[in-house]
Amino acid sequence: MKLEEYQTAKSALETGAALAPAESRFSKLIKDCEERIAEETGDLSMQMPEALAKNDVPAKEIELDKDQPNLEIEAAPPKPAYRHEFYQKPEEVVVTIFAKGIPHDCVKVDYGEQTLSVAINAPGKEAYHFQPRLFAKIIPEKCRYDVLSTKVEIRLAKSEPIHWTSLEFSREVAITQRVNVSSVSASQRPSYPSSKPQRVDWDKIEAQVKEEEKDEKLDGDAALNKFFRDIYKDADEDTRRAMQKSFVESNGTVLSTNWKEVGAKKVEGSPPDGMEMKKWEY
């Protein structure tokens, strides 16, 4: 619902309501979804009969004023079958078309030097065509797309690392900002949008969490696992190879850090006292 994918949200909520009939929150949220869907589609089937009833005037009572110019009413362009949006990275633009349950063979995507062509022809659904002239040039042979269960995701490879102010080209002169990829470092972390007036320092929070994890006192298996993780993290390549090989070949019963000893032979299992090793039969 936060992503404004109300049809998908409604379907998920109905599944939840079927699994937990006693949970009252589902019915309220489903009702909210239906209201939002009605707002988007503008429920014309309910509104038109009322409007016709109010404006029902006999034809003989309507007289055209000959002095008035002949006005042509221009119909509004039809609403596209699927919603789309985009975001970008220094090297690519990702276009998302929110089309749910579309078979892969019903989607056709073509790329040009500065064009994108998307056609979706699914059985029983309205044909969809999206053919924008893009903001800047792309590299067609490096572009790709994926058809997922709820959307079609298209990745456009930029020919230049510039910031696109929009997806589609506009004749209005826009200042394009070149992104210096090499200058982006760990200290220049991206900022994320938030509705809160005060900005959150995520780097500071991350450092605090790591410090708390470092000082956390563990017991039993958790402490032992942390001990092995710390050894592996700070070890050289030979030590890591020894740990991996000994653990896998011994079915988790031996963990050695000596590569000279482990690398020369297969590591046999060594079960704890009073236990016996057996092969798993499928």
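Cβ coordinates are placed from backbone N, Cα and C, and glycine is handled just like the others.
Heads up, TrEMBL stuff is auto-annotated, nobody curated it.
Pulled from TrEMBL, these are the features on record:
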DOMAIN    79-168  domain 'CS'
DOMAIN    191-282  domain 'SGS'
DSSP-derived helix, strand and coil totals, residue by residue, for the domain 'CS' (79-168): 6 helix, 43 strand, 41 coil
Integer average pLDDT (0 to 100) for the domain 'CS' (79-168): 91
